[in-house]
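Summarising the annotation, TrEMBL assigns active site, nucleophile to Cys11. The active site annotation in TrEMBL covers Arg17. TrEMBL lists Asp128 with the feature active site, proton donor. If you look up TrEMBL, you'll see 5-158 marked as domain 'Phosphotyrosine protein phosphatase I'.
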Amino acid sequence: MPHPKSILFVCLGNICRSPSAEAVMRAKCQNLDIVFDSAGTAGYHIGEAPDPRAVKVGARFGYDLSTLRARQVTAADFGKFERIFAMDENNLQNLEKLRQKFIQSQPAHTPVATLSLFDDFTKQSVADPYYGDEQDFIAQFEHISRVAERWLELWRTH
């Protein structure tokens, strides 16, 4: 299977987990020719910056989320991106529903899966830190960073 050239990360509102995953992967893969983006399955925060706690903790880890803005998944995303990774099972189910809704208007062949597919350590979804505190955002970045390292390792060896 060829390496993907475009990956979309998806969570519910696109202000915590998916923009964090986008920023982490952009930083870790800056020398690779891959486009990363993020979106939400819901339109609660369209046009908003990521959660300030994600921006703050991300900066501490060396990731810049300051220029990212929330958007909702569109029909075009299913044709534009070669891979779509949901942060958890609920968003994976929401993506599948959106794909079925959008498939009428545009072919949708993009594989969707949860990011935990690459988590050899826990196989757990990326927990939503939105209702938590700073520690939850730290745990989120640690989890995403671990998964990103594993994904990169697999990318380089296959």
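Placement of Cβ uses the backbone N, Cα and C atoms for every residue, glycine included.
Whatever TrEMBL says is automated annotation, not expert-curated.
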Which residue, of the active-site residues Cys11, Arg17, Asp128, has its CB surrounded by the fewest other CB atoms within 10 A?
Asp128
Tell me whether Cys11 (active site, nucleophile) sits in a helix, a strand or coil according to DSSP.
strand
Provide, as an integer number of angstrom, the distance between the C-alpha atoms of the residue listed as 'active site' and Asp128 (active site, proton donor).
7
Need the DSSP three-state call for the residue listed as 'active site' to compare against my parser.
helix
